Every structure is written in C-alpha cells, then in structure tokens.
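Chemist: According to TrEMBL:
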{"type": "TRANSMEM", "residues": "6-24", "note": "transmembrane segment"}
{"type": "TRANSMEM", "residues": "54-77", "note": "transmembrane segment"}
{"type": "TRANSMEM", "residues": "89-114", "note": "transmembrane segment"}
{"type": "TRANSMEM", "residues": "134-154", "note": "transmembrane segment"}
{"type": "TRANSMEM", "residues": "166-183", "note": "transmembrane segment"}
{"type": "TRANSMEM", "residues": "189-207", "note": "transmembrane segment"}
{"type": "TRANSMEM", "residues": "228-248", "note": "transmembrane segment"}
{"type": "TRANSMEM", "residues": "270-291", "note": "transmembrane segment"}
{"type": "TRANSMEM", "residues": "312-331", "note": "transmembrane segment"}
{"type": "TRANSMEM", "residues": "351-373", "note": "transmembrane segment"}
{"type": "TRANSMEM", "residues": "410-432", "note": "transmembrane segment"}
{"type": "TRANSMEM", "residues": "444-466", "note": "transmembrane segment"}
Amino acid sequence: MAAGRLVFKATLVIAFFSLLARLLGFVRDVVIAHLYGASAATDAYLVAFTIPNLLLAIVTGALATVVVPIFAEYAAAGRREEGWRVFNWVFNILTLALLLTLLLSLPLAPWLVLLVAPGLPPETMQLAVELTRIMLPILLFFGWANYFTGLLNANQIFGLPAASGAVNNIVIIASALSLGTVFGIRGLAWGTVLGMLAAALVQLPALRRTGFYWRPEINWRHPGVKKVFALLVPVAVGVSINQAYVIIDRILASGMAEGSISALNFANKLVQLPIGLFILALGTAVFPTLTHRAAEGQHEEVGRLLDRALRFNLLLTLPAAVGLMVLRYPIVSFLFERGAFDARATSMTAAALLCYAVGMVGYAANILLTRGFYALHDTKTPVKLTLVTVIVNLILSLILMHPLKHAGLALANSLAAWVNTFLLYYFLAYRLPALRKVKSWPSFALRSLLACALLALAAWGIYRFVEGFAPAGFWGEALSLGSAIVGGVVFYALSLYLLRFEEWHFLWRLGSEICRVRLLNRNL
C-alpha cells in the first residue's frame, strides 16, 4: 500500500500539471485552427513537425525511458555520484549526435518531406520543406527536454518536468498570436522552436539541485555508458517502429482530400488528452517504483502494481472514450469551429475522432504494459510485438481507407492498438505471475461497461435537453456541452460507487488522507 500511495500522489502531481499543459495545448490547437483551419498550410506545418519529431522520438524518447531503470540501479547500490558522471557523458554524446543529425537533415529536407508525405501538391510540399528547415532545431532543444525529464523522474521529481509542457504551449500560443499573425505559418514554426527551447531551460534549476553537473567530457568506455546504449538500441528501434503509425497515416492521408492530415491531427489530440492526463501521468509515476521493485527482485509486487494500474486505466479511459464517441460533433464544433475551421472540417475531424476513440483503452494500456517490460530490462520483446502490430496497421489502413477515407486510417490505428495490447499482456503475464490472476477481470470489465452505458445515456440525454432551451452561440454551446460532461461524470461516479468498485473506495480514502494532511499542515 505504501508503494501504491507514493505512486498515487506522484500521479496527482503529474496529472495536475498535465491537465494544465493539455488545456494550454487545446488553446494552442484552437488558435492554430482559428488562424489556419484544416488547410494546406496546416497540413504543411504538421508534415514539417513530423520530421524532427520522428527523428527525435527514435533517440531521445527511448533514452528518457532507459535512464530511469539504470539510474535506479546506481541509487540502489549507493553509487549516485558515479551515476551522475555516466549521465553527463551520455548527455554530451546525445548533444553531439543531435547536432550532427540536424546539420545532415538540412540539405535532405526535400527528400524527408517526400518520404513522409509523397502525395502533397507541389506548393504545399515546397512550404513543408521550408518549415522543416525552420523547425529542425527542435531536434536539439526537445532532445534536451526529454533527457532532463528522464533524469528528474529517476529522482522522483515529477512536477517540473510535467509543467515544462505547459511552458512549451504558452510560448507557442504567444508566438502564434504575434509572429503567426505577421509572418503566417512561418511565424508559428519559429514559435514552436522557441517553445521547445523553453521546455528544456525551465528544467535546469531542478536538475542542478539533484546533483547533476555538466562537464565537457566523454568517457565512451565506461560500463555504465555502454549499458545505456546497449539498452537504448532496441528501445530506439521500438520507438522508430511505433513512429511508423504516424508515417503510414501521413503518407496515405497526403493523397486524400485537403485537410485530411489536419483532421486526423486534431482528432488524435482530443483522444490523447485523457490519455496524457491520467494514464501517461500514471505510467510516469509508477515507472520508477516498478524499476526499484524489479531491481530488488520483487516481481510479485511489480505484477500487482501493474494489475492495479491496468484497472485504473479501464476505469479512466473507457468512460472518456465513450464520452468522446457520444459527444464528438458538439465537442469538435465547440473547440475548433471558428475562423478558418469550417463545418466541413468539423465533420472530417468528428469522423476521425469516433474511430480513434475505439482504441483509446488499448493505447493507454500499451503505455503501462511497455513500462512493465522496461522495468524488467526487457527492451526487445515490445519491439518485436510492435513490429507485428505495425504490419497489422498497414494492412488494415489499406483495406479501410477506401470505404472510410481518412477515418479508416484512424480505425486501423485503433484496431492495431488492441492487437498490441493483447500481445503485450500475453507475453508479460508469463514474466509476472500476479498478472495471470484474472478471475476478477470479467466481472470488473462488465461492471465498467455498465457504468459507461449509464454515462452515455446521461450525457446524451442531458445534452439534448439543455440544447433545447440554451441560447444560440458560444455560451449556449458551452452550457449544453458543459452540462452533458458534468452530468455524465456524476452519473459515472455514482455508478462506480453503487457497483462497489474497490478502486473507488481506494481513491476516496487516499484523497481524504491527503486532504487531512494538508489541512493539518495549514493549521500548524
């Protein structure tokens, strides 16, 4: 229970700052939608952003994951100072590698754009090449930000890394409203670069307090450095395979109607909001605890923690998915339909949102299950399984894109995510016996579905009822949609209580305990 309490409190911290970052992210997306809509310029910007983000995820996304279990080993052995030296050397190697990649990518930008989006019209492709060259410094700045986040999380510091996303979005919003109105989409591209730089710099003070010192030196032969890169290679391969989902969508959508790439992007952002708010926060918080327990050989505890995390995943993401399905049109219309974002863009985005929401529980579960493999220092199995699901995704995309157009790509993503979920769970359960205790899962899942069915009925009924007398315009939409969401959440919470979910009582007790501690501290 102590481990669960620690994870839950860390999750609350991450969830709070993630909520702030995600809300600001929505403001950012609303501003972009208002200024540029689901247009050729927005498509070019998204394609250009895909290229540094793809290269970045392969190296630094994987590196941030590898940092946590290795630093946990040094801390458990009482060798923190040596650990800091190792990660200083790794940081310097990372910086040199990213600088070299940046310089090599500048002249290759036209071919990179052609690879990611071969179906773009010539004018849009030319703009995408120009924007790619502007945004390539993201490689360096966001690479630093991801690496700093991994180091801080390894030291049980979660708030500031999560807040860096909010800083990033604030800078991008300010740039879009200033540079973007003067220089158009190019101003937004420059603002994106500045936002990534700010996300890295804001973490430096906390990193310095943990004991990290930068020194201009590299030791390629140290066993710790070798171990980092030995674990990094399969994780990087896995991340690069994961990015194939994005590449497949961009390539296939680039030959579809104008705005298809943008519609998929806006819909995916809506699906990622609850995942980032709850499950990514939970996964980030539980990962250091999993690695410490695994390093101590407590595999039974690792399995129990993961099982509890998967149950919370179902309780949090299933209702969010159902809510997005039921209220997809009013949500998209309320958030985006203004300025250059018209009714056609709303219809395209809502169709994609419905199909992405089908896989929402699977997307989130994959985050947690992959963390379980990494905690056990198994970075190869997720790579092999992800490769299988990418092939499944490609086949399904080619089948579904013709009858469903861009929404077929979203549905293919969702179905492939579920395939990945079952494969990850099947192979991880052999390593962690606690995950095999599934007798209570059928009842748990059925009760969850019943609670979500009540949520769907309540949310849709309340929306239609309030819509009948709400005034037209923005505030009427806000009243109808807000009432539906609040009413749906209340009905769902009551359903969890009446259906006697153990997790509900755990959250209630823990939340009450945290409130009592804070109240006591305030009185003292």
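Even glycines carry a Cβ here, placed using N, Cα and C.
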Chemist: Grab the same-chain neighbours of the transmembrane segment (444-466) for me: Cβ-Cβ under 8 Å, and only residues 6 or more beyond its ends, written as numbers and ranges.
Modeler: 311, 314-315, 318-319, 322-323, 325-327, 330, 479-481, 483-485, 487-492, 495-496, 499, 501
Chemist: Below 8 Å between Cβ atoms, which of the listed ranges 166-183, 189-207, 312-331, 351-373, 410-432 makes the most pairs with the transmembrane segment (134-154)?
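Modeler: Ranking 166-183, 189-207, 312-331, 351-373, 410-432 by Cβ pairs under 8 Å to the transmembrane segment (134-154) puts 189-207 first.
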Chemist: Which residues of the same chain, at least 6 past either end of the transmembrane segment (410-432), have a Cβ under 8 Å from a Cβ in it?
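Modeler: Contacts of the transmembrane segment (410-432) (Cβ under 8 Å, skipping residues fewer than 6 from its ends): 245, 249, 264, 267-268, 299-300, 302-303, 306, 352-353, 355-363, 365-366, 369-370, 372-373, 376, 378, 381-382, 385-386, 388-390, 392-393, 396-397, 399-401, 404.
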